[in-house]
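Features of the protein shown, as given by TrEMBL:
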TRANSMEM  24-43  transmembrane segment
TRANSMEM  63-82  transmembrane segment
TRANSMEM  94-117  transmembrane segment
TRANSMEM  138-161  transmembrane segment
TRANSMEM  173-190  transmembrane segment
TRANSMEM  202-221  transmembrane segment
TRANSMEM  252-270  transmembrane segment
TRANSMEM  291-316  transmembrane segment
TRANSMEM  420-442  transmembrane segment
TRANSMEM  449-470  transmembrane segment
TRANSMEM  516-534  transmembrane segment
Amino acid sequence: MAVPGVSGVSGVSVGGRSFSAADYLVFGVMLAVSAAIGVYHAWADRGRSSSEEFLTGGRRLTALPVSLSLTASFMSAITMLSNPAEVYRYGASIVFFGVSYAVMVLVTSEIFIPLFYKLSVASTYEYLELRFSRAVRLLGTVFFLLSHLQVLYTGIVIYAPALALNQVTGIDLWGAVVSTGVVCTFYCSVGGLKAVVWTDVFQLGVMLAGFLCVIIGSVRLQGGLASIVSDSRDGGRLVFQDFDLNPLRRHTFWTITVGGSFLWISIYGINQSQVQRYLSCRTMSHARYSLYINLLGLWLVLLCSVFSGVCLYSVYQSCDPWTTGRVAAPDQLVPYLVMDILGDYPGLPGLFVAAAYSGSLSTVSSSINALATVTVEDFIKPHTHLSDKSLFWTSKGTSECLVLETPRSAKARSSSSRSAALSITGIIGGPLLGLFTLGVLFPFANSGALSGLVSGLAVALWVGVGAQMYPPPPEMTRPLALNTSGCNFTASGNFNWTSDRSVLRSGLADWYSLSYLYFSVLGAVTAVGVGLLVSRLTGRPGTFCSPPLLRSSFTDGREAAMNE
């Protein structure tokens, strides 16, 4: 086994190592099993060809597979590649996301699951029409489509594993991106939601196996867990006592727990990709159980990704591959580590790449299924009189078109795909969360909520774009020091992670340093504030458009709501 950090080149292989036949076999088995799951569910449900069966699994799924699918859907390749790099650069404070996950589960299970499940809607945005107006529903749907397709979230999660493949095998980036589209097209369009859920279950297992490869290999190399923990503690990676209230600080206990709670509620509480899984459960109890079991899965994946970052630092504490130019981007650090310490074990590099690819497949397939649902339910079904069989084939065709479209969005390459993906989610998801909050918690809110939604997006987008033009200074991001004193070769790069790009700053530029985790908070609070103000100014005194739907949604379900 080579000494980490001493040999290797950036790009196709590390220390002359590349994929073996065993690695390709492991990777191919993952793709074959994913496709086979789609074939199985297409065959098993061949006598139940309906749009509801295709889009919601006939609402017969149980808590356990749905919970694992929920975990896999947003624990993507970004988690496998970017979370360890985040710990390597900034420390393990992201472990506090575990608190925000718990808050998210509590809010979602007690507020949003009863609302959507008893209304029995296929699209979450149908609630917006029942509560406000058709215009609000359509704008909410457009926001969702933008965030998952055109604003490049899906493109980012496709690009991340493609980058990993390029790093360790030399496979062309676009070849990997197209492969993702082909596999997703097959099992999404053939098997529907059931295939998506069960492939998520399988792919989550592959992702956890990939993490275990990194952790076990690093522990063996470094001589045990105690050595890795000691190295990381001495290197400042295990400092958790940061309770600074400054919202401009990138990561503190408060930005992660408060901002993270808003962010994850916008994902799990109202996002179609996740809500569609609750609605596929046979009972509301199963839907709630799935969310609480999912919490255990989220904690497990978070701990695995954080400890992988700790291992990464321990191995390269004296010879940083990024500073020395051995890798071209932070997201290549973990693939570099895999080839450096596991390249002599045929099949293990293939397992890691299969794990990263599984993360991409799970996220993209979930997004595509949700995009197909809102497209059919919000844009096609209300304006046509198609038979159920016609809607079934329309749903299949929509899935195929959307999957084949996503590779075009993968042109968005980011050196920090994790923060980029969460920023996009926060900018769009925050205002949508504010809109649903207006509907659920404020009976007097009327269609003035539309103004709140637009205002929330405008403010969040303004700050998000400004943050790209005026990156926060080092005193707000606080990257940790990296070392190259242990390298016995000449560095080929000229990188320094402790120095951010300098810009001419002003008081307004300081506002752009707002933590990316607060983008969702800013959008949600603005949407609620403006929506309430416009509702009071336009509502009739004494009534304020109190919605009967809000009362009935928690008692008699959708039928009672529509009858009132």
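Positions of Cβ are set from backbone N, Cα and C atoms, glycine also.
Proximity of the transmembrane segment (24-43) to the transmembrane segment (202-221) is established through 3 or more Cβ-Cβ distances under 8 Å for residue pairs spaced 6 or more apart. Sequence-remote contacts of a segment are chain residues at least 6 beyond its ends whose Cβ falls under 8 Å from one of its Cβ atoms, and for the transmembrane segment (94-117) they are 83, 86-87, 124, 127, 240, 251, 253, 256-261, 263-265, 267-270, 275, 278-279, 281, 284, 287-288, 291-292, 294-295, 298-299, 302-303, 306, 436, 440, 553-554. With a threshold of 8 Å between CB atoms, the same-chain residues lying at least 6 positions outside the transmembrane segment (291-316) that come near it are 4-5, 63-64, 67-68, 70-71, 75, 79-80, 83-88, 92, 94-95, 97-98, 101-102, 105, 108-109, 113, 204, 207-208, 211-212, 214-215, 218-219, 221-222, 227-229, 231-232, 235, 237-238, 268, 278, 333-334, 337, 340-341. With a threshold of 8 Å between CB atoms, the same-chain residues lying at least 6 positions outside the transmembrane segment (449-470) that come near it are 132-133, 135-136, 139-140, 143, 423, 426-428, 430-432, 434-435, 438-439, 503, 505, 508-509, 511-514, 516, 519-520, 522-532, 534-535. Under the criterion of 3 or more C-beta pairs below 8 Å, with sequence separation of 6 or more, the transmembrane segment (202-221) and the transmembrane segment (252-270) do not qualify as touching, having fewer than 3 such pairs. Long-range contacts of the transmembrane segment (516-534) within the same chain, counting only residues at least 6 positions beyond its ends with a Cβ under 8 Å from a Cβ of the stretch, are 247, 250-251, 255-256, 258-260, 262-263, 266, 419, 422-423, 425-435, 437-438, 442, 445, 448-453, 455-457, 459-460, 463-464, 467.
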